[in-house]
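Got a structure here, written out as structure tokens. Questions coming.
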């Protein structure tokens with residue numbers, strides 16, 4: 001059974017638009033990992049227009065008699081940018097990436113020419129700046145200088161939706177010395193907080209969206225945000241639309257059927273992968289360990305939140321399994337194992353050979369090593385197909401580096417060795433395991449990665465900045481617990497380092513660490529956004545998404561150890577079906593009356 005969507009022809013740009021008809025399966029869940037079955041096809045031969053592509057995606061044609069004449073219109077950048085923002089927030093931008101790239105290239109040319117359609121409207125200017133900077137175009141924040149101080153801002157533009165766009169623009173600050181974005185962020189965040197506190201945002205959906213942005217902007221997980229956007233979606237909050245009819249294409253019941261089917265497809269895949277993770281966990285006998293954390297559900301959620309495309313199943317499973325293994329072994333080093341047993345695991349990984357049962361020394365060591373050994377070997381086999389070369393030496397090396405950092409930390413706190421913050425971070429950035437999790441998952445993105453790329457200084461710097469962010473965020477939230485456990489932590493190291501100088505308070509130490517987090521986050525963003533790179537942008541994006549994961553996990557607690565918000569988000573992302581949108585509901589009611 002299939003659905004056919006018929007949409008009106010809507011003028012949008014100067015590109016060719018042709019009407020087509022396309023069919024989509026109706027079934028709620030499609031349990032498959034086949035790329036050809038999962039990926040919704042998007043081949044165009046006649047049109048490169050953004051809305052034309054959306055129309056062809058949803059409405060396609062089955063015979064030439066339905067073809068409509070070519071229509072040419074002037075480019076409308078404000079509407080195009082709103083369209084892109086909607087597609088990204090609704091999680092379907094991946095189907096229109098070439099069209100989005102074309103729109104942003106045109107936007108950049110007009111930005112350089114200071115086109116009035118962009119610069120005359122504050123919201124459009126802020127949105128264009130954000131999109132262009134994220135895409136890697138050289139755009140200066142000087143163009144936002146007129147809005148850097150609230151006292152100089154015309155009260156007429158200080159409506160909530162405009163300030164939200166200025167706030168989002170301020171979040172792409174990549175230089176420490178950028179005082180314009182710093183000031184912009186200061187007043188827009190204050191303004192929006194005041195609006196929430198005074199309850200002056202009458203639109204409930206907009207109120208919730210502002211609340212969501214302010215809560216933890218850099219910890220927003222893409223797929224969680226998609227689910228929220230689908231629940232809250234309302235085109236009415238865009239103030240710069242010149243022709244409302246142009247948005248009928250993304251605000252009608254047919255489009256929401258498409259969105260819901262796309263989300264349900266992804267959700268079904270996540271459910272299947274959770275079952276696979278649970279079977280793997282039991283097959284590896286990790287469920288028999290009577291210590292530490294079982295993070296199967298947590299890891300499944302984090303993988304789903306970071307790698308949203310249905311076809312990236314191998315990347316999600318590799319990422320999730322690596323998180324589980326890291327957590328189990330980390331807990332063994334910290335809590336359950338003796339120093340000798342911990343050393344034994346490192347020796348076994350260096351040797352990388354299976355042993356007779358009696359040679360492992362303990363049941364726990366045997367289970368942990370064999371689980372790691374079998375899983376990494378499986379990764380290597382799958383990656384060989386995708387990469388066209390053996391990556392097992394790389395994967396083993398990553399684990400040796402990680403376990404060596406575990407050993408250094410173990411030696412430091414058991415020997416009560418005094419460290420400076422720099423000495424601590426020299427190994428602690430490795431022990432947060434971002435490097436092994438990220439580089440393992442990168443093997444399964446469908447991008448060929450050479451040894452030179454993975455051993456480059458750029459790769460090392462990406463890993464280091466990412467790891468500094470997540471390591472220090474973790475340390476701030478786990479400081480009290482780890483102090484009681486007598487384990488090493490950046491906060492305790494900083495406090496101890498000033499013991500013989502001017503003593504600093506815990507608040508001052510935490511503030512200093514948060515400054516380091518921000519510095520490394522901006523450096524990471526700059527590396528991800530830059531155009532010149534040995535890594536494709538698809539790979540660099542993963543580093544940024546994993547840093548957002550750190551902000552998500554350690555915003556106000558330790559969601560990895562005691563997941564609360566995470567479990568709520570997992571329900572909506574993995575388990576709860578997407579409800580009918582009011583537009584669809586109205587259509588169903590109307591159909592029932594006929």
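Including glycine, each Cβ sits where the backbone N, Cα and C put it.
What Swiss-Prot shows for this protein is this:
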- 330, 334: Mg(2+) 1 binding site (BINDING)
- 330, 334: Mg(2+) 2 binding site (BINDING)
- 474, 477, 482: Mg(2+) 3 binding site (BINDING)
- 330-334: motif 'DDXXD motif' (MOTIF)
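Surface or core, plus neighbours and distances: that's what I need for these features.
Residue 330 (Mg(2+) 1 binding site) falls within a helix when secondary structure is assigned with DSSP.
In sequence order, 406, 431, 433 make up the list of same-chain residues 6 or more apart from residue 330 (Mg(2+) 1 binding site) whose Cβ falls under 8 Å from its Cβ.
Taking a C-beta cut-off of under 8 Å and a sequence gap of six or more, residue 477 (Mg(2+) 3 binding site) has these contacts in its own chain: 554, 556, 557, 558.
Across the motif 'DDXXD motif' (330-334), mean pLDDT in this model comes to 93.
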Can you tell me the CA-to-CA distance separating residue 334 (Mg(2+) 1 binding site) and residue 474 (Mg(2+) 3 binding site), as a whole number of Å?
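Between the alpha carbons of residue 334 (Mg(2+) 1 binding site) and residue 474 (Mg(2+) 3 binding site) there are 15 Å.
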Within its own chain, what residues at least 6 apart in sequence put their Cβ under 8 Å from the Cβ of residue 474 (Mg(2+) 3 binding site), listed in sequence order?
432, 550, 553, 554, 558
Including all protein chains shown, what's the count of other C-beta atoms within 10 A of the C-beta of residue 334 (Mg(2+) 1 binding site)?
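I count 18 other Cβ atoms within 10 Å of it.
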For residue 482 (Mg(2+) 3 binding site), write down the residues of its own chain that are at least 6 apart in sequence and whose Cβ falls under 8 Å from its Cβ; none is a fine answer.
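Those within reach of residue 482 (Mg(2+) 3 binding site), by Cβ under 8 Å and sequence separation of 6 or more, are 475, 488, 489, 492.
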